[in-house]
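Per Swiss-Prot, the features are as follows:
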- 16-55: repeat 'ARM 1' (REPEAT)
- 57-96: repeat 'ARM 2' (REPEAT)
- 99-138: repeat 'ARM 3' (REPEAT)
- 139-178: repeat 'ARM 4' (REPEAT)
- 180-217: repeat 'ARM 5' (REPEAT)
- 219-258: repeat 'ARM 6' (REPEAT)
- 260-300: repeat 'ARM 7' (REPEAT)
- 302-339: repeat 'ARM 8' (REPEAT)
Amino acid sequence: MAHARISMYMPPDIDPTKAAIAYGCRALSKLNEELQSRDLLTRQKALVALCDLMHDPEYVYEAINIGCLESLKTLLQDDDNLVRIKTTEVLYIMATHYVGRVGFLKHDIIQALSLLLSDHQTLCRENLHQAYKHLAQLPKGAQGIVQSGLIPSLVRKLQKEEDHIQEIILDTLALCLQEDATEALESQAVPCLKEKLLSQNSEIRSKAARALIAISIPLDGKNQVWKNKVIPILVTLLSDTDEEVKANAAGALMHATVTTEGKYAALDANAIEPLLELLSTNPKTKLCLNATKALTMLAEAPEGRKLLLSHVPIFRYLLAHKNEAIQRAAEVAIKVIEWKP
């Protein structure tokens, strides 16, 4: 005779850490109610469920419309570590979607997240920096971060955070500095970025050089890069083992050598030789373009032009490059090098 046996295991489709999701349009409304619950476990389960749903931009749109962002803002100040971690994770996932970034700006999420910049939970800080990074990919998002006065805080955190979070901050800074580098320049960002160029981590070196490209766009940025003796370090990085580090270092030199002081600082650091060496190795498009433009800047100085005259064939070879931008850059370089007063 058969006996009834009750399994000690739950069915495979039941997750005890996640709130049950209601059917259809009621799903997010119910979760939003649970986010506001006084019961800790209910809040935690609702956040875990929300993390899954926010990968779909349609759910993100609906969540914003029913007021989930306001509930999440409140939970950022929760005493429970897991609640804060999952709240920042939900916001980070929402920020990967355009509709989420727009919602952040409308609901002042930038300032709300900034309260956790010094949170003792590493995952909280990592998630909020990921959210800022994705938000900054939207020009208005980058402007929002700048206008919120967060750039000095990000520069300070860059000196204290763990390596993997430093990488995220550098990505955010590079995007924000393209919009406005004023606050960064006033916050000693150039000396900080100079220090990061010397990091043992190639990702940090690469991203620091990329941020220097952005901060060198305004004249004050170019002057600070020269005054802080960053140019010799950038020249050294042209021989780095990492391709992206070399490309970004060449890009930073391209901007920094627009000024006369920058040109001669690069010439004194013997920048021409490693730049020419990069062109002779059939580099990738970005590296080739940046190196060509940097050499063009150096050719504007009589000493640079004299050194480059015998290397014009390298640039003539680039005239047949498959990339039109490199063709144009090579054409300009030849004109500058062969120019006679």
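Note: Cβ is positioned from N, Cα and C throughout, glycine not excepted.
Note on the repeat 'ARM 3' (99-138): residues 54, 57, 60-61, 64, 69-70, 73, 76-77, 81, 84-85, 88-89, 91-93, 144-145, 148, 150, 153-154, 157, 161-162, 164-165, 168-169, 171-172, 175-176 of its chain, located 6 or more positions outside it, place their CB under 8 angstroms from a CB of the stretch.
For the repeat 'ARM 5' (180-217), residue counts in helix, strand and coil come to 27 helix, 0 strand, 11 coil, using DSSP. Here the repeat 'ARM 6' (219-258) has Cβ contacts under 8 Å with residues 181, 185, 190-191, 193-194, 197-198, 202, 205-207, 209-210, 212-213, 265-266, 268-271, 274-275, 277-278, 283-284, 286-287, 290-291, 293-294, 297-298 of the same chain, all six or more residues outside its ends.
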